[in-house]
Amino acid sequence: VLVTIYADYIAPLFDKFIPLPEGELKQQIETMAKSIDFPLTKVYVVEGSKRSSHSNAYFYGFFKNKRIVLFDTLLEDYSALNKEPAEGEDGENEETKSKTKNKKQGCKNEEVLAVLGHELGHWKLGHTVKNIIISQMNSFLCFFLFAVLIGRKELFAAFGFYDTQPTLIGLMIIFQFIFSPYNEVLSFCLTVLSRRFEFQADAFAKELGKAKDLYSALIKLNKDNLGFPVSDWIFSMWHYSHPPLLERLQALKDAKQE
């Protein structure tokens, strides 16, 4: 239910969504969507710059009603950081204006298309549906095991509840303690799967001929999002749902050189 109503009714309460104006970028997005049979209906730009410089793009909607949302920080033409400061602004000097003018945030149209090619790859390869199915299976398993364990008197006795079996206490014991090893293993498996999905989506964008633009876009996004390009491989393998920048660039390198 939340997936269905969030983007249309909840998200607009916190951010301003405006339709992407007609132009070259919108035409290119519609052409790319049509080439892979993505049922695109609308393209929005959201004012994400009000809260942070984080850049992103996503799609939402079920069946034949898909919509694409671009953060204004992803687009050079829309990023507030790239706009000229107002005349006569207090404390403004020529040096500050020069720094603001030279500091570019966001991606060019070709790079935006490459990022969208990656996101649409998730849809084309069924990653979204697979994640929903895994989530629902996990929820069913957790509540099934909860139903089995909640009646075990020895479980409560181990925590000092000999005469009573409070449901809330059982909930805390089962989900915080009993499921702890399971959650760690599941989290690691989902992280590995997520990283695999990211490489597959990059490969999909590569097949669309966007390898070179995605290569440069990933570098820009890592810089805009204040990411650190180097990370320990064991730590990242356990904690990072997205592969580190250098690993993704290496996977794209051969196609970029071609």
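In case you wondered, yes, glycine gets a Cβ from its N, Cα and C as well.
Database features, via TrEMBL:
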type     : residues         : note
DOMAIN   : 19-254           : domain 'Peptidase M48'
REGION   : 84-104           : region 'Disordered'
BINDING  : H118, H122, E198 : Zn(2+) binding site
ACT_SITE : E119             : active site
TRANSMEM : 140-162          : transmembrane segment
TRANSMEM : 168-193          : transmembrane segment
ACT_SITE : D202             : active site, proton donor
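Same-chain neighbours of the Zn(2+) site beyond H118, H122, E198, judged by a C-beta within 8 angstroms of the site's C-beta center, are, in sequence order, E119, G121, H127, F197, Q200, A201, D202, F204, A205.
Annotation for E119 (active site): same-chain Cβ neighbours under 8 Å, separated by at least 6 residues, are A57, Y58, F59, I68, A201. Distance noted between the C-alpha atoms of D202 (active site, proton donor) and H122 (Zn(2+) binding site) is 9 Å.
Over the domain 'Peptidase M48' (19-254) the predicted model carries a mean pLDDT of 85. Its Cβ placed at the centre, H118 (Zn(2+) binding site) has 24 other Cβ atoms within 10 Å.
Residue density at D202 (active site, proton donor): 25 other Cβ atoms are found within 10 A of its Cβ, drawing on all protein chains shown.
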